[in-house]
Amino acid sequence: MGKGGEKGEEAEEREAQSRLYSWEEIRRHNLRTDQWLVIERKVYNITKWAARHPGGSRVISHYAGEDATDAFWAFHLNPSFVQKFLKPLLIGELAPGEPSQDRGQNPQLVDDFRALRKTAEDMNLFKADPLFFSLYLAHIIMMEALAWLLVSYYGTGWITTFILSCILATSQAQAGWLQHDFGHLSVFKKSSWNHIVHKFVIGHLKGASANWWNHRHFQHHAKPNIFKKDPDVNMLHIFVLGDSQPIEYGKKKLKYLPYHHQHEYFFLVFPPLLIPVYFQIQIIMTMVRRRFWADLAWAFSYYMRYFIMYVPFYGVLGSLFLLTFVRFLESHWFVWVTQMNHIPMEIDCEKHRDWLSTQLAATCNIEQSFFNDWFTGHLNFQIEHHLFPMMPRNNYCKIAPLVKSLCTKYGVHYEEKSLGKAFKDIVGSLKKSGDLWLDAYLHK
């Protein structure tokens with residue numbers, strides 16, 4: 001580009017920076033067809049660009065009309081590189097008299113959290129340990145090999161098949177935690193390497209879609225436990241969650257299912273069916289409808305490998321039954337681990353809190369132990385993971401004391417419990433919500 005073009009761009013940028021906006025004006029631009037957001041006091045019009053956002057249009061649209069500074073830093077491995085894409089979208093800045101935080105957020109808390117992030121960077125807590133992740137991948141591949149060797153040497157008897165299924169389910173669960181690391185860009189310094197290995201782990205080792213996972217999971221992190229923004233709390237009328245939704249359903253006399261029994265039918269619906277039925281259908285439909293052909297190829301490579309390994313022993317139909325049973329076992333593991341940190345917490349509509357308060361309201365931790373770390377893929381440190389999603393998981397324990405201290409300073413509830421209590425609280429929370437629905441349904 002010539003000097004004239006560069007000068008023209010600089011002039012446009014200076015003109016944009018001279019435009020000043022109030023929060024009242026910015027809040028009005030929160031529609032699907034009209035979206036502004038704020039990053040470090042600069043105002044950007046993302047209306048046309050949202051559809052091209054690499055992380056998906058929905059996750060960035062959830063911040064329309066709001067300050068997205070902390071979300072921006074949480075999700076981008078190389079913010080300076082991303083700034084290049086933001087420049088053409090710049091339309092102005094917050095007026096000098098406007099606070100940096102909107103809707104009565106505590107500016108000191110926000111500043112202290114950002115200082116904590118800087119401390120984590122200075123402590124090299126965003127630097128991954130290659131040995132840790134190499135060994136983690138190796139132990140998954142070893143389990144896959146062990147399962148095949150088991151059936152090769154001992155045949156297809158019921159006991160052997162059950163043991164093999166447990167090994168494969170363990171391998172799949174652990175691969176699920178590992179793909180989560182690469183999906184969050186927490187292993188390699190370059191985003192491209194994380195994306196490539198993410199597709200290998202979630203595609204070739206699990207038969208799922210990286211793009212499906214990204215678009216769904218990043219929304220959950222951006223707005224956890226917030227109705228209409230977090231897809232993980234969209235229960236398709238099968239369950240009612242939190243305190244407000246069951247009362248709303250009850251008042252409207254909505255009874256898709258007997259929700260006062262949801263803590264009982266949970267065991268029949270959620271753990272056994274989420275992965276083998278709901279996720280499986282959703283993943284395939286998403287890859288085909290959105291034309292994620294690369295993801296489809298990776299998933300195809302998983303099924304090719306699986307059937308080449310097991311059809312000689314079980315036949316086609318037997319291999320399908322085996323795969324379904326493995327998914328069934330994995331689904332129980334996945335549901336209990338992923339829901340224990342969120343379902344018992346606050347689930348409600350958007351309240352426009354700061355980043356720290358938003359994440360702490362929706363997440364809790366499980367006590368640390370070697371088993372808990374392995375069993376949950378370090379998601380027992382769910383609070384730290386949600387605050388710093390790109391931090392390598394083996395560093396959560398190092399930042400946790402500093403997060404606790406910051407929460408204590410500002411009176412933000414930091415909840416930690418045992419694994420057993422966390423499982424129990426899922427059922428207790430569902431029962432509480434079901435009782436709220438029944439009361440509202442009968443009496444309001």
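Glycine too: its Cβ is placed from the backbone N, Cα and C atoms.
Per TrEMBL, these features apply:
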{"type": "DOMAIN", "residues": "18-95", "note": "domain 'Cytochrome b5 heme-binding'"}
{"type": "TRANSMEM", "residues": "157-178", "note": "transmembrane segment"}
{"type": "TRANSMEM", "residues": "265-287", "note": "transmembrane segment"}
{"type": "TRANSMEM", "residues": "307-329", "note": "transmembrane segment"}
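With a cut-off of 8 Å between Cβ atoms, the residues of this chain six or more beyond the transmembrane segment (157-178) that come close are 133, 136-137, 139-140, 143-144, 146-147, 150-151, 201-202, 205-206, 322, 325-327, 329-330, 333-334, 376-379. Helix, strand and coil residue tallies for the domain 'Cytochrome b5 heme-binding' (18-95), in that order: 31 helix, 20 strand, 27 coil [DSSP].
Confidence across the domain 'Cytochrome b5 heme-binding' (18-95), taken as the mean pLDDT and rounded to a whole number, stands at 94.
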